[in-house]
Amino acid sequence: SAAMWRFLGPLLCLWALRLPLGGGSGARGLDVASYRERVRAMFYHAYEHYLESAFPYDELRPLTCDGQDTWGSFSLTLIDALDTLLILGNVSEFQRVVNVLQEGVDFDIDVNASVFETNIRVVGGLLSAHLLSRKAGIEVEAGWPCSGPLLRMAEEAARKLLPAFQTPTGMPYGTVNLLHGVNPGETPVTCTAGIGTFIVEFATLSHLTGDPVFEDVARKALKALWKNRSDIGLVGNHIDVITAKWVAQDAGIGAGVDSYFEYLVKGAILLQDKEMMSMFLEYNKAIKNYTKFDDWYLWVQMYKGTVSMPVFQSLEAYWPGLQSLIGDVDNAMRTFLNYYTVWKQFGGLPEFYNIPQGYTVDKREGYPLRPELIESAMYLYRATRDPTLLELGRDAVESIEKISKVDCGFATIKDLRDHRLDNRMESFFLAETIKYLYLLFDPDNFIHNDGSDFDVVVTPYGECVLNAGGYIFNTEAHPIDPAALHCCRKRKEEQWEVEDLMREFYSQKKTKKFTLKNAPDHGERENAKDSEDASSEKAGEKRNSKKSSHSLLSCPSQSFNSKLAVLGQVFLDNT
């Protein structure tokens, strides 16, 4: 349909370009294969030291060669690194880690966990690995991708987060206890990204499991933020999820807000959702009107639009990649080049950069090996093939190896001015930074599939196509195959089509006309869109037009599944 192409078009443009990539003139002499192998070596230096020194803790402490729990005691780095293993081609280790996680990870623990971080890292990582399991040579169970051990783990983790959404506004608390739910004294103040960064993972879960609750709560949270935007079309940084009053009223595209905008675009592409895309496009107008100056984006007061902080934050560097997804490549490149000048000034992106002064902000001089600028380079390179983007990848490899590499891994850079290090290696280094670097230098990776190669999988609901490309990365760089969302759906209109076939069968038998009464809706998907398929409307018209006082079977009113079983028995008996 026209709507589908409107949303898929920009994405396909990014992935469809498959020009040859190698050393020489195309990349100004850059030896791409050599840098790809250096990135691979960086991954294993970090990963192997995590296994040796830190597992089963969440993260590696690379200066002391030990581990620590940070986000909830899930062996987080292992979950976050899992799909990176497959992207690097390591099938055997992927299979081993899947077994380790199934045996060792327990979500039924008395731990206060970040709802946001648990979703993007744990739920997102498990969903991605689940959908890639067959590609990794794992013998999947009957019913995959609609069932499987990693999917059950992702669902269990997500269910632990659902109590956070039980607020008057539908906007979730920021923290939940995995055993007891929301603590009685929990603060109701949550950042905007912590409210609007669930639709990718939760909609995927709902489509795979058939339980609409996850997508429903994610949509409600998105719409609550939209409803509470200011008169000039901006959202602030932190909001009270009980009263819907904005506590921090700074509006921008960076920390505390960033992935809300990202998920409106990615959710729109993943779900072919016009409403989400139109929300983002309205925000985009307001962002350009009030926060954009000379291809930089500042922070402004959300009600007045007056500048509150003339600061660039490293987390904002995802924005050019997001712009490329909606086809705004020229603006994306101009902003990217601004950010790249900061990288070249320091050998990394400081957390905060004062734009007028052209220097770091006090106590915000660090670079924890974040992926956002590399992420944008990867997206933009797929769209433009501009060799400048490969040069950013080269600079990132050189900087991180020179400044951050230590005997036990890669350490957070505490201060880019003097290269002091901090005793931490965040799990996103293996999940995102390494992954985007590798994909920048690996044009033939299966992730970049243009649709020319795909798998046909038989599910309980028919055949479906998987691994055809167009992957949607969640905000932790876990790729979700959008085609998988169409593998496990049992829609109302499909059920009514079965009834229509039965009518046709009996009419050919020249029996009396009959209709099956429209049974009550016993937990069927309420959020199946009326517009998704015209056949549902036609089926409804048939149901309404064929009123009859006679029924072939004198059975009490039952749910549709029960009636089908009764009629099925009739067929089997040849009566």
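Just so it is clear, glycine is given a Cβ too, placed from its N, Cα and C backbone atoms.
Taking the Cβ of E117 (active site, proton donor) as reference, residues of its chain lying under 8 Å away and at least six apart in sequence are, in sequence order, W71, G72. Marked as active site, proton donor by TrEMBL: E117 (among others).
Long-range Cβ contacts of D258 (active site) within its own chain (separation 6+, distance under 8 Å): A193, L315, E316, Y318, T475. Per TrEMBL, the feature active site maps to D258 (among others).
Spatially close to E351 (active site, proton donor) yet at least six residues away along the chain are Q313, S314, L315, V361, R364, E365, G366, Y367, P368, judged by Cβ distances under 8 angstroms. Residues or ranges marked as active site, proton donor by TrEMBL: E351 (among others).
When other Cβ atoms within 10 Å of the Cβ of E372 (active site) are tallied across all protein chains shown, the result is 25. Taken from TrEMBL, the feature active site covers E372 (among others).
Taken from TrEMBL, the feature Ca(2+) binding site applies to T475.
Among the features that TrEMBL reports, compositional bias 'Basic and acidic residues' is placed at 519-543.
Residues annotated as region 'Disordered' in TrEMBL: 516-556.
TrEMBL lists 1-26 with the feature signal peptide.
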T475 (Ca(2+) binding site): tally of other CB atoms within 10 A of its CB:
25
